[in-house]
Amino acid sequence: METSIIKSQAYGKDRVRVVRVVRQADGWQEIADYSVCCLLSGKEFESSYTKGDNKMVVATDSQKNTIYYLAKTLPADRVMVPEVFASEVASFMVKKYSHVTTCHVKIITKPWERMQFDTKHHPHSFCREGKETRWTEVFVAKTSPPSAAALTVSINSGFYDLEVLKTTNSSFTDFWRDELATLPDMPDRVLSTKVLCQWKYVAESLEALRQAPFDAIFAGAKRNTLDALANDPRAWVHASVQTTLYIMADRILNDFAAVDDVYYALPNIHYFPFDLSKFGLKNLQADAEVYMPIADPSGYITATVSRPPKGRL
Ligand SMILES: O=c1[nH]c(=O)c2[nH]c(=O)[nH]c2[nH]1
């Protein structure tokens, strides 16, 4: 006789690859290319885990079908923005099935960029530039007591794998010194990182959330990340990865009221000047020109940044 209890459960389909094309009469076409994960939870699924009873199980195959069905039947503007499409899928599941209490939808996008020839954008051809990957994660839940009419929603979005490098105007000096510290002060160094940036949206309702400028926020988060790293004129911003991270996040919070907090994970991928003194060559500190990138280990600098409590919207 089994005595264990289910503490939590969620099941569904992962890596549902769906591509939606929007064709305009003048030949201009848009593409959205997604990998979708859809997971359902609810008390009534417990017996499928504990008793071999599948009666309440919405097959993961049906969940996959629903994603394609919605990609076809929803108006294009509810499919082409990943946050909006994820919200549509999640709220559809929660509303359609009375025994589904929460639905979690994650979308990873494939960033096709429109081809450009002599500054002219091509109407229907795209290429993959191999840059960052945009993703979003939506949770829709029935409020308690459960009611299909009232849903709570939360959205996290972000991007990862934005690889950047700068060859000067980054430093790391005046850090804690003790018998375990061997790193010399680095008043100027190569800085390289692979940015993971994610942000949380604030909204009263699904309807209010639909108004958020998701695409502009994604573009702004990326722009602020690059601009803070490359162009911020204040020397202290470049004193460490920590300070640069803080300024990146602060800029996003200042630019976008719909963003509640911003999380960054910035690996500090070390590029150490190679010591060539044995060959009579100066290549350290101010003489550094030849570097050895170190795959492992890397630094790993993270923080979540938000507005101060009273300054929140
Ligand atoms: O920007 C940096 N922050 C650190 O905390 C750190 N630690 C380290 O060894 N190098 C660096 N660089």
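Glycine is treated like the rest: Cβ placed from N, Cα and C.
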Residue among Phe85, Phe172, Phe214, Phe218 sharing the urate site, where TrEMBL lists Thr60, Asp61, Arg189, Val241, Gln242, Asn268 as binders: Phe172
Asp61 (5-hydroxyisourate binding site) versus His270 (active site, charge relay system) - Cα distance in angstrom: 45
Report the recorded positions (Arg189, Asn268, His270) that meet this criterion: Cβ distance to the nearest atom of ligand 1 under 6 Å. Use sequence order and write none if nothing qualifies. Asn268
Please classify the secondary structure at Arg189 (5-hydroxyisourate binding site) using three-state DSSP. coil
Lys13 (active site, charge relay system) versus Asp61 (5-hydroxyisourate binding site) - Cα distance in angstrom: 7
Rounded Cα separation (Å) that holds between Thr60 (active site, charge relay system) and Lys13 (active site, charge relay system): 5
Residues Thr60, Asp61, Phe172, Arg189, Val241, Gln242, Asn268 binding urate per the record - widest CA separation, whole Å: 53
